[in-house]
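**Q** The structure's right below; bear with me while I get my questions together.
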Amino acid sequence: MDPLRAQQLAAELEVEMMADMYNRMTSACHRKCVPPHYKEAELSKGESVCLDRCVSKYLDIHERMGKKLTELSMQDEELMKRVQQSSGPA
């Protein structure tokens, strides 16, 4: 696969993952903060605050998980390099 095509696929996957995260966040926060039967067309103060906190927490956790996964991936790469170096040519 040529580098340009690989870059395009990576960009498409990133967009798909971001859309999925947005949809899951929206659904989870809506379920948590907005009652199934609306009383008014506008969000109440409590609903608005709940949604703000929910989205903030969701994004914070997503960022923390991303950093941790990157860290673990880098550790795995280092371990693989060490294993390859130690089992080098015989």
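Think of each number as a place in line: the chain as shown, counted from 1.
Each Cβ is built from the backbone N, Cα and C atoms, and glycine gets one as well.
Since this is a predicted model, take the numbers as computed values, not measurements.
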**Q** Swiss-Prot lists motif 'Twin CX3C motif' for one of the ranges 3-28, 29-54; which is that range?
**A** 29-54
**Q** Please list, in sequence order, the residues in the chain of C54 (disulfide bond) that are at least six apart in sequence and whose C-beta is under 8 Å away from its C-beta.
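**A** In sequence order, the residues whose Cβ lies under 8 Å from that of C54 (disulfide bond) (at least 6 apart) are M25, A28, C29, K32, C33.
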**Q** Across the motif 'Twin CX3C motif' (29-54), what are the DSSP residue counts per state (helix, strand, coil)?
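**A** Its residues fall into 15 helix, 0 strand, 11 coil.
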